[in-house]
Amino acid sequence: MVEFSMANAQAFIDEDDELDEEPGEEIESAPPLNVGEEREINSNGLKKKLLKHGHGWETPEFGDEVTVHYVGILHDGTKSVSTRDKGEPFTFKLGQEKVAAGLDRGIVTMRKGEGALFTLPSETAFGSSDSDAVSSNSVVQFEVELVSWITVVDVCKDGGIIKKILEKGEMIGPPGDLDEVLVRYVVRLLDGITVAKTSEHGVEFYVKDGHFCQALPKAIKTMRKGEKVNLLIQPQYASVDRDKDSDSGFPSIPPSSILSIDLELVSFKPVINVTGDLGVLKKILKEGEGTLTADEGAAVSIRYTAKLVDGTLLEKRGFDGEDTLKFITDEEQVVAGLDQAVTTMKKGEHAIVTVKPDYGFGNTEVKRDLAMVPPCSTIIFEVEMLEFTKEKDPREMNKHERIQMAQRKKEEGNLLFKNGKYQRAMKKYEKATDCINEDEPFEDDDQKIVKSLRVSCWLNGAATCLKRNYFQEAIKQCSKVLEVESCNVKALYRRAQAFMETADLHLAELDIKKALEIDPQNREVKLIQKNLKQLQAESNKRDAKLYTTMFARLSNENSSAAKRLKVEETESKNEENVGEINMR
C-alpha cells in the first residue's frame, strides 16, 4: 500500500483557488461549501469535503453516464485503489453503485471538473466486484474528480429509445409535430455496420410526417437546435420505412435489429397553427425583431408572393420596384387567412403562410393579377413584414380622444351588423366600451355622452349575441344596461328574448311585464309576450303529460302492491286453515 496524506489531495486543488464559496451549491438548504470545508450531505451520514470548484451550475442525475477519477482511502490513510494509477478514468451509470454503495449520492452533488473527498458511513463502505476497484469493507473514503458526464434520457419511459446527449444545443426548441426540421444522422447496427446515412447537408422533413423509423421523430421532439445525441433503439421502435430513407446502397436491416443512431438537430423552422384547425399554417423562415406583433387593427406594410400548390404565380407585391401592400388588419381588406397570419408577425419576420380554401377564396373561381384561382384552392403566400403601426391603445389617449375612438368603433360595428358580420361587429363594440370603461372618470360635460355610448354599445352587443345564439352573453350585456337604466325597454325586451331561448320563462315574463308597464303600446314587446304565452302553454302541456305519466306509474305500482298484499294475505289464511285441519 502507498502512504496517502492530505498533501496528495492538492492534486485536485488549483494553486489559484481561494477559499471562496462555490456558487449555486445547496444541499438541504445549507449554504455553499467553501474549498476545504466538510459537511454531512444526507441523512445516511455521507460527508463531503470540497477540494476543488467545478464549472457551471449543472450536476448529473441518476441514470446519467459519469466519467470520474477516484482514489479509495483506508482507515489508516493508505491508498487502496486509484484510477489515476491505471491512467484512465472510470465510466459508469449513476444509480448502479459500481464503485461503492452510497458514493453515487455524493457524485450527483458535483459539477463538471469538481474534486471532493467523500467519507462513507461504515455500514455502506464496501465495493462492487463489477468495478474491479474496491474489495474491502475497510475503505471509508473516496477522493473523486468528476471529469464529465453524459445525460441519458429514456424518451418513451419504456427503455425503447435511450438518448445520450453528446453535445448540448442552444436554448431553442424542442420542435413540435408541425415544425420542419433539418437533421443529420448515421444509423448503425450493434456490430458497427452502417445501414443508413444522410448527406453532409442533412435531410429536411416535417416532424408529423416522420422519417426513416418511428424513433426518429419521437427523439427529435426532445432535442434543441444544435444538439447531438446517440440513440439506442430497441426493435419495437426500429421498424424502417425505406421510402423515407435518405440514401440507398446500404446493407438491408435485419428484422428485430437494435439500432444505434448518431443524430444532430441542425436547425428547425417553427410552424404555427394560426387558426387552431390547421386552416392557416405559418412556417417561420426568419425570426422578426423584438416581441411585438401586428395585432388586430394595425396598419401594416408587407411584400409577398401568392402561388397555387403547383407553383402557379397568382400575384406579387413589393418586388422589382412595385409598391408594397399596405392595409389595416381585421378589416377584411385581404383574404382571411393572410389577414390572421399577418397579425401574428413581428417586424422583419419572413414566413410561408399556407391558407386552406375556407380561409382563402372558398369554392369560387377568382381572378388575380397573374392567374385565375380555381375553386377550392390552397394558396401559398411567402410574406415579409416590412413594418407596422399598432392601433393606439386607449391608455395612451386623452379623454377626448377616447370618446372619439369609442364613437368611431361603435359606428364601424353598426355597419358590420347591418352587413351580417356579427362576430366582427361584436369586436368593435367591445373596443368601443374599452375606450370608455367605467374605471376612468370623465368630466360632467362628457359623462352624459359616455353613458349614452356605453348603453348603446351594450344594447347593440346584446343584439349581436342574439344573432349568434350567445344567449348568456346577451343576458349579461342587457343586465349592464339595466344597472344604469332600470327602465330601458330595449334592454328588458332583448333580455326577455334571451331568457325565452334559455327556457327561463318566468324571468322572461317578469322582464316583459316591466317593459309593458313602462311602454304599454310597444308592439315588439307585445309580440314576444304572445310568443311567451305560447311557450308557457307548451311547457304546461309537457308538464301535465309528465305528471300524468308519473301518477299513472305510481298508481300502477300501488295497484300491483295491493294485489300482491291481497295474494299474500290469502295464502297466509290458507296456510292457517291447513294447519287447523292437521291439528284435528
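The first residue you see is number 1, and the count goes up from there.
Cβ from N, Cα, C; glycine included.
Any TrEMBL annotation is an automated prediction that lacks curation.
Quick caveat, the model's predicted, so the values are computed rather than measured.
Going by TrEMBL, these are the annotated features:
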COMPBIAS  13-28  compositional bias 'Acidic residues'
COMPBIAS  565-576  compositional bias 'Basic and acidic residues'
REGION    11-36  region 'Disordered'
REGION    562-584  region 'Disordered'
REPEAT    489-522  repeat 'TPR'
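Residues of the same chain lying 6 or more positions beyond the ends of the repeat 'TPR' (489-522) and with a Cβ under 8 Å from any Cβ of it are 458-459, 462-463, 465-466, 469, 471-472, 474-475, 477-479, 481-482, 528-529, 531-532, 535-536, 539.
Sorting each residue of the repeat 'TPR' (489-522) by its DSSP state yields 27 helix, 0 strand, 7 coil. Restricting the average to the repeat 'TPR' (489-522) gives a pLDDT of 95.
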